[in-house]
Amino acid sequence: MKRGLLIIISGPSGVGKGTVRKYFEANKDLNLAYSTSMTTRKPREGEIDGKDYFFVTREQFIQSIQKGELLEYAEFVGNYYGTPLKEVNRLRDEGKNVLLEIEVQGAKQVQEKCPDAISIFIIPPSMEELENRIRGRKSEPEEIVQQRLAKAEKELKLVNQYKYIVCNDDPKLAADLIQTIIYRNIEIEENK
Ligand SMILES: Nc1nc2c(ncn2[C@@H]2O[C@H](COP(=O)(O)OP(=O)(O)O)[C@@H](O)[C@H]2O)c(=O)[nH]1
Ligand SMILES: Nc1ncnc2c1ncn2[C@@H]1O[C@H](COP(=O)(O)OP(=O)(O)O)[C@@H](O)[C@H]1O
């Protein structure tokens with residue numbers, strides 16, 4: 001069996017990564033598996049441990065780093081986020097195309113370790129719209145919103161690090177574009 005693809009989806013906080021993913025992740029033809037990350041961030045209302053994230057303490061996270069259990073990790077606005085390596089390998093070995101939804105520093109580490117990874121960056125139609133979306137979600141206090149917006153300005157300068165850039169104006173259109181990118185890469189891999 002062919003090993004599954006590794007697909008990185010990045011983009012600033014609030015751009016709509018999770019929203020867009022919901023439109024395509026159930027598409028069986030894409031044979032996707034979402035990699036659940038580990039984080040020290042506190043759960044938001046409705047988030048489920050083990051599904052949205054593995055919520056851990058700083059000590060537990062640092063232990064995972066030291067034991068070499070993470071494919072990549074980064075600190076983002078005061079919290080650690082990282083990708084458990086074992087699960088990614090297990091899923092890819094099963095032939096699943098594994099989806100990582102990670103920020104730019106982590107994406108860079110994955111690109112260095114796995115040059116075949118397919119990298120997609122989602123951009124907002126404008127900074128005003130990004131601000132509206134982060135605020136509209138009402139998931140963070142004002143101070144954190146400000147920090148995430150400042151971070152977004154820096155992250156948006158790194159679009160050249162990615163192979164594909166998708167604007168999330170209409171979420172269904174953005175999802176269709178991402179599906180097309182994945183389909184084409186599956187086809188390329190099959191013909192290798
Ligand atoms: N490097 C890295 N970044 C991650 C990981 N999981 C999530 N992130 C990113 O961390 C940032 C903050 O995530 P979160 O607090 O859930 O906010 P949200 O993405 O705006 O909903 C986002 O850019 C995520 O894509 C991970 O495992 N590694
Ligand atoms: N294309 C879009 N147009 C308008 N609002 C959107 C769009 N995509 C996402 N949103 C909204 O923006 C907010 C942030 O989206 P979310 O998926 O949580 O972003 P991310 O996962 O990138 O942090 C949510 O309230 C979501 O409903």
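Counting begins at 1 with the first residue displayed.
Backbone N, Cα and C atoms are what each Cβ position is placed from, and that goes for glycine too.
Copied over from TrEMBL:
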- Gly11, Pro12, Ser13, Gly14, Val15, Gly16, Lys17, Gly18: ATP binding site (BINDING)
- 4-183: domain 'Guanylate kinase-like' (DOMAIN)
Binding-site residues (Gly11, Pro12, Gly14, Gly16, Gly18), the one with most neighbouring Cβ atoms at 10 Å: Gly11
Residues close to ATP site centre defined by Gly11, Pro12, Ser13, Gly14, Val15, Gly16, Lys17, Gly18, Cβ within 8 Å: Ile122, Pro124, Leu130, Arg133, Asn168
Neighbourhood of ligand 1 - binding-site residues from Gly11, Ser13, Gly14, Val15 with Cβ under 6 Å: Ser13, Gly14
Among Ser13, Lys17 [binding-site residues], residue with fewest other Cβ within 10 Å: Lys17
Same-chain residues at least 6 apart in sequence whose Cβ lies under 8 Å from Val15 (ATP binding site): Ile122, Ile123, Pro124, Leu130, Arg133, Ala152, Asn168
Model confidence over the domain 'Guanylate kinase-like' (4-183), averaged pLDDT: 97
